[in-house]
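A.B. asks: Once you've had a glance at the structure underneath, I'll fire off some questions.
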Amino acid sequence: MASSVTPLGSWVLLHHHPSTILTQSRSRSPPSLITLKPISLTPKRTVSSSSSSSLITKEDNNLKSSSSSFDFMSYIIRKADSVNKALDSAVPLREPLKIHEAMRYSLLAGGKRVRPVLCIAACELVGGEESLAMPARCAVEMIHTMSLIHDDLPCMDNDDLRRGKPTNHKVYGEDVAVLAGDALLSFAFEHLASATSSEVSPARVVRAVGELAKAIGTEGLVAGQVVDISSEGLDLNNVGLEHLKFIHLHKTAALLEASAVLGGIIGGGSDEEIERLRKFARCIGLLFQVVDDILDVTKSSQELGKTAGKDLIADKLTYPKLMGLEKSREFAEKLNTEARDQLLGFDSDKVAPLLALANYIANRQN
């Protein structure tokens, strides 16, 4: 990812290859130019070409068997319940009451808890205990909630409904909503830094803090959001798939990526394992957004628990708008396959939650 965002008119979009996801190059470019380079999503293998085909087929069959026999709904309900209890404990109702009420209103409003579950599953995949990841998974959910509060504000998406309830600023006012988001953002880092078990080395905690900070700044969420805002009303002839990918690799995938990477770091994963988790999460992050865009034009507000069709009304750039509905569905299937490819070679039992999570994101209905 690049360290800055340049004006929309100066983008140069490179060709898209089916086996890559495009992200920004770290090399210095002229101020008016953003270059993109492909990152291969295919995990490195050490097997010979003569045996690779049979090995891949065997591994893929093992993954499919593991995924199909795994009760993901029971898993996610159980993990989400433990996350909800931890969040309730981490952010108690105290003085000043109004700000803590506003923080808790959005933080404890339910939701799928996909990011904390991803953090847990990644931690366990590399051999860590679930308890080690508790502060990290709470931190990513606090930051995710902050992003929702701010995203719903009149100056952003101007939304009235979130998770089936009035948005934070509709209940507490814009001023308190902004402060509630700010408070959740700062407390997320405090919680990650101070509540992580002493079993985790200080070096790994510092690394986790750095990853989380990067994911939400101008190399992550903020970059995606500002380009998204600037893209409203753009002529489709002037943008392409890579442009839309940039937005959502930063705005949506970055925090999912951080969730998986934090789990891998806290769980004691190797650099190779952490990078494979990063690429897996990057794929499901894009997948999440593609499906979200599809649902926005195919489901009602009641079914979604939030305002349906808002992107169409706001003239936002979306995958169905750029590619059409059927091509968007095909792209979602491709991303799910690429995500699964990153998990080849891991223990089939430990990898089951991540496989099921990818399928859940691909097939969700709200």
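Numbers run from 1 along the shown chain.
Glycine too: its Cβ is placed from the backbone N, Cα and C atoms.
The region 'Disordered' feature in Swiss-Prot is assigned to 44-65. Look at Swiss-Prot and you will find LYS112, ARG115, HIS144, ARG163 tagged as isopentenyl diphosphate binding site. The Mg(2+) 2 binding site annotation in Swiss-Prot covers ASP151, ASP157. Feature annotation from Swiss-Prot assigns Mg(2+) 1 binding site to ASP151, ASP157; the stated evidence is similarity to another entry. The feature dimethylallyl diphosphate binding site is assigned by Swiss-Prot to ARG162, LYS251, THR252, GLN289, LYS306, LYS316, with similarity to another entry given as support.
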A.B. asks: Over all shown protein chains, what is the count of other CB atoms within 10 A of the CB belonging to ASP151 (Mg(2+) 2 binding site)?
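C.D. replies: Result for ASP151 (Mg(2+) 2 binding site): 18 other Cβ atoms within 10 Å.
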A.B. asks: Select the closest residue to LYS316 (dimethylallyl diphosphate binding site) from the following binding-site residues, measuring between CA atoms: ARG115, ASP151, ASP157.
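C.D. replies: Closest candidate to LYS316 (dimethylallyl diphosphate binding site), judged by Cα separation, is ASP157.
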A.B. asks: Can you check which residue among the binding-site residues THR252, GLN289 has the largest number of Cβ atoms within 10 Å of its own?
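C.D. replies: Compared across THR252, GLN289, the most Cβ atoms within 10 Å surround GLN289.
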A.B. asks: What's the CA-CA gap between THR252 (dimethylallyl diphosphate binding site) and HIS144 (isopentenyl diphosphate binding site) in angstrom, rounded?
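C.D. replies: Answer for this pair: 10 Å between alpha carbons.
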A.B. asks: Tell me the Cβ neighbour count for LYS112 (isopentenyl diphosphate binding site), meaning other Cβ atoms within 10 Å of its Cβ, over all protein chains shown.
C.D. replies: 14
A.B. asks: Give me the sequence-ordered set of same-chain residues, not including LYS112, ARG115, HIS144, ARG163, with a C-beta within 8 angstroms of the centroid of the isopentenyl diphosphate site's C-beta atoms.
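C.D. replies: Counting only non-site residues, the set is GLY111, ARG113, VAL114, GLU141, THR145, LEU148.
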A.B. asks: Where's the emptiest Cβ shell within 10 Å among the binding-site residues ARG163, LYS251, LYS316?
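C.D. replies: Sparsest of the binding-site residues ARG163, LYS251, LYS316 by Cβ contacts within 10 Å: ARG163.
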A.B. asks: Can you see whether DSSP assigns ASP157 (Mg(2+) 2 binding site) to helix, strand or coil?
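C.D. replies: Note: ASP157 (Mg(2+) 2 binding site) is coil by DSSP, not helix or strand.
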A.B. asks: Could you round the CA separation between GLN289 (dimethylallyl diphosphate binding site) and ARG115 (isopentenyl diphosphate binding site) to a whole angstrom and send it over?
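C.D. replies: About 14 Å separate the Cα atoms of these two residues.
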A.B. asks: For ARG162 (dimethylallyl diphosphate binding site), name the DSSP secondary structure in the helix/strand/coil scheme.
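C.D. replies: Where ARG162 (dimethylallyl diphosphate binding site) sits, the three-state DSSP reduction gives strand.
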A.B. asks: How far apart, in Å, are the two Cα atoms that lie farthest from each other among LYS112, ARG115, HIS144, ARG163, the residues recorded as binding isopentenyl diphosphate?
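C.D. replies: So the maximum pairwise Cα distance among the isopentenyl diphosphate binders is 16 Å.
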